[in-house]
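Student: Following this message is one structure expressed as structure tokens.
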Amino acid sequence: MTPHINAPAGAFADVVLMPGDPLRAKYIAETFLENAEQVTNVRNMFGYTGTYKGRRISVMGHGMGIPSCSIYAKELITEYGVKKIIRVGSCGAVRQDVKLREVIIGVGACTDSKVNRIRFKDNDFAAIADFDLTLAAVQAAKAKGINVRVGNLYSADLFYTPDVEMFDVMEKYGILGVEMEAAGIYGVAAEFGAKALTICTVSDHIRTHEQTTAEERQLTFNDMIEIALESVLIGDQQG
């Protein structure tokens, strides 16, 4: 056990899906996993382990922002032997051609956070997803006939940013979605020798002000979840 996870040793599978919302973790476990059991509940950050088509998989919330998700990702990797983390979350779009509810596979993550500079001796660290996880996710999406976008995310430290002009810069550089965790998770995975990927569903559009409801974010976004789960099976087949 750790200060933040009260699961016993061996409670987690080697692959963990991580939404920000612990209630989304509960939804994923109850909807997609068989024989799912809750294995941790410290601070109501729920974690579950079950099987998907016979494959043992865990799901656990990571909270909001890089500090929170980094704690859980680090402890899962170093204390529970987790090898792969797939973040399944929401993001905001800044480009006009990116639409509400589209699925984005984040091959890289820009950020205004300094966490990766701290761990990388104040140099720029290229926060990127694992190639094999990315490839498997793209293949899973194609197999299910789900259109996805593949490209860069932006992990912001501030949800309510005062620098709205930065959205213009993001759009110029082709950023597909703004969220708050991917760069941190990629940094943790690199530091501790694990693999990581972020898959996001567009929950709101910063330009058009369209948005999904809190209930929709908690109980839908199934395409993203199915892509993540199927990608695990594809990854197993490819070794």
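Cβ coordinates are placed from backbone N, Cα and C, and glycine is handled just like the others.
Note that this is a predicted model, so its numbers are computed, not measured.
According to Swiss-Prot, the protein has these features:
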- Asp204: active site, proton donor (ACT_SITE)
- His4, Glu179, Met180, Glu181, Ser203, Asp204: purine D-ribonucleoside binding site (BINDING)
- Gly20, Arg24, Arg43, Arg87, Val88, Gly89, Ser90: phosphate binding site (BINDING)
- Arg217: site 'Important for catalytic activity' (SITE)
Student: Given the recorded positions Arg43, Arg87, Arg217, which one's Cβ is surrounded by the fewest other Cβ atoms within 10 Å?
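Tutor: It is Arg43 that, of the recorded positions Arg43, Arg87, Arg217, has the fewest other Cβ atoms within 10 Å.
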Student: If you skip the near sequence neighbours and keep only those at least six away, which residues in the chain come within under 8 angstroms of Ser203 (purine D-ribonucleoside binding site), Cβ to Cβ?
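Tutor: Same-chain residues close to Ser203 (purine D-ribonucleoside binding site) (Cβ under 8 Å, separated by 6 or more) are Ser90, Cys91, Gly92, Leu100, Gln211, Thr212, Glu216, Arg217, Phe221.
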Student: Report the member of His4, Val88, Gly89 (the binding-site residues) whose C-beta atom has the most other C-beta atoms within 10 angstroms.
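Tutor: Of the binding-site residues His4, Val88, Gly89, the most buried by Cβ count within 10 Å is Gly89.
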Student: What is the nearest of the recorded positions Arg43, Arg87, Gly89, Asp204 to His4 (purine D-ribonucleoside binding site), using the Cα of each?
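Tutor: So, spelling it out, the nearest of the recorded positions is Arg43.
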Student: Taking only the Cα atoms, work out how far Glu179 (purine D-ribonucleoside binding site) lies from Gly89 (phosphate binding site), in Å, as a whole number.
Tutor: 8
Student: Mind checking which of Glu179, Glu181, Asp204 has the fewest other CB atoms within 10 A of its CB? They're the recorded positions.
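Tutor: Sparsest of the recorded positions Glu179, Glu181, Asp204 by Cβ contacts within 10 Å: Asp204.
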Student: Name, in the order they occur in the sequence, the residues of the same chain whose CB lies under 8 A from the CB of Arg24 (phosphate binding site) and which sit 6 or more residues away.
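Tutor: Gly61, Val88, Arg217, Gln218, Phe221 - these are the non-local Cβ neighbours of Arg24 (phosphate binding site), listed in sequence order.
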Student: Can you tell me how far the Cα of Gly20 (phosphate binding site) sits from the Cα of Met180 (purine D-ribonucleoside binding site), in Å?
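Tutor: Gly20 (phosphate binding site) and Met180 (purine D-ribonucleoside binding site) have their Cα atoms 10 Å apart.
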Student: Sequence gap of 6 or more, Cβ distance under 8 Å: name the residues on the same chain that satisfy this around Met180 (purine D-ribonucleoside binding site), in order along the sequence.
Tutor: Gly20, Met64, Gly65, Ile66, Ser155, Ala156, Asp157, Phe159
Student: May I ask for the distance between the residue listed as 'active site, proton donor' and Arg87 (phosphate binding site), taken between their Cα atoms and rounded to an integer number of Å?
Tutor: 18
Student: Give me the Cα-Cα distance between Arg87 (phosphate binding site) and Glu181 (purine D-ribonucleoside binding site), rounded to a whole Å.
Tutor: 9
